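Below is one structure, written out as structure tokens; the observations come after it.
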Amino acid sequence: MAEQQAFHSGFVAIIGRPNVGKSTLLNRVVGQKVAIMSDKAQTTRNRIQGIYTTADTQMVFIDTPGIHKPHSRLGDFMVKSALSTLGEVDAVLFMINADERRGAGDNFIIDRLKTVKQPIYLVINKIDQVHPDHLLEIMDQYKDALPWKEVYPISALEGNNVDELLTTLKGQLPEGPQYYPSDQITDHPERFIISELIREKVLELTRQEVPHSTAVVIDSIKRQDEEKIHVQATIIIERSSQKGIIIGKGGSMLKKIGSLARRDIEHLLGDKVYLELWVKVQENWKDRQDLLASYGYRQDDY
């Protein structure tokens, strides 16, 4: 009888400044969108867990909010959420952009990584956007910052070197159980992912002052008939002046947000969806603990 192959499992944190491609890498690894992507800072607000499973390995990736200097209770929640993962994982991926020089934000994170005992990998993203000589300059800027386990230049968007990174991480994980079923790619409920897909479209389509003031609450999900799933959601904003931006002339912007979000939600659920969106003004919600909790930002969950 052939000896059964040992199963390896563990947890990997993805950490870095806002907009370095953490969510793009997570989605690439699991093969489906579980974390929203945008060129706006602070896109990810919760720790998103993506699950990568093969015949002999299960890696649970935690995509943290981008670390930045907080300016509100929500910002404080995001940074605490990111830093709280570091002592609980088997490996840490510190992601940077190949097309950006090392700055104060990177040094802020590096200082906090100095106390981490787990192996830390420097992952240099967006190598498809720079000349190889520039990549060497970036590597030189970081080479002595921390005792890196390894340095991996990748393109999360194109997939360059991502498989090689996964192979290396597999060797880092201890023998352990399979925590989740093989076909499960995230531990977040569908409601959360649907709300994030809607928020992603708000981030993509609205002007700079709106995205940071936006939350999305799923009011109901139910099968309306044999053909469609009926989703009702409310887009929360902070100021009345933002309501007109979200709705648009004659409702054009809200319709566009709904149309693009519905497409992604249908892909997620594998079914036809009727999406009904509302817009509500809730002043200063980012600094109100009761509202943060009701919108899904609970510090005690982290």
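Any Cβ shown, glycine's included, is placed from N, Cα and C.
Swiss-Prot lists 16-23, 63-67, 125-128 with the feature GTP binding site. Per Swiss-Prot, the feature domain 'Era-type G' maps to 8-175; the stated evidence is sequence analysis. The feature domain 'KH type-2' is assigned by Swiss-Prot to 206-283, with sequence analysis given as support. Annotation source Swiss-Prot lists region 'G1' at 16-23. Feature annotation from Swiss-Prot assigns region 'G2' to 42-46; the stated evidence is sequence analysis. Positions annotated as region 'G3' by Swiss-Prot: 63-66. Residues or ranges marked as region 'G4' in Swiss-Prot (evidence: sequence analysis): 125-128.
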Check: What three-state class does DSSP give Lys22 (GTP binding site)?
Finding: helix
Margin query: With Cβ-Cβ distance below 8 Å and at least 6 positions apart along the chain, what are the contacts of Ile127 (GTP binding site)? List them in sequence order.
Written below: Ala98, Leu135, Pro153, Ile154, Ser155, Asn160, Asn161
Margin query: As a test of reading the model: what is the averaged pLDDT for the domain 'Era-type G' (8-175)?
Written below: 82
Item checked: Assigned conformation of Ile127 (GTP binding site) - DSSP reduced to three states -> helix
Notebook entry, point to check: So how many other Cβ atoms are close to Asn19 (GTP binding site), meaning within 10 Å of its Cβ?
Noted result: 19
Notebook entry, point to check: In DSSP terms, helix, strand or coil for Gly16 (GTP binding site)?
Noted result: strand
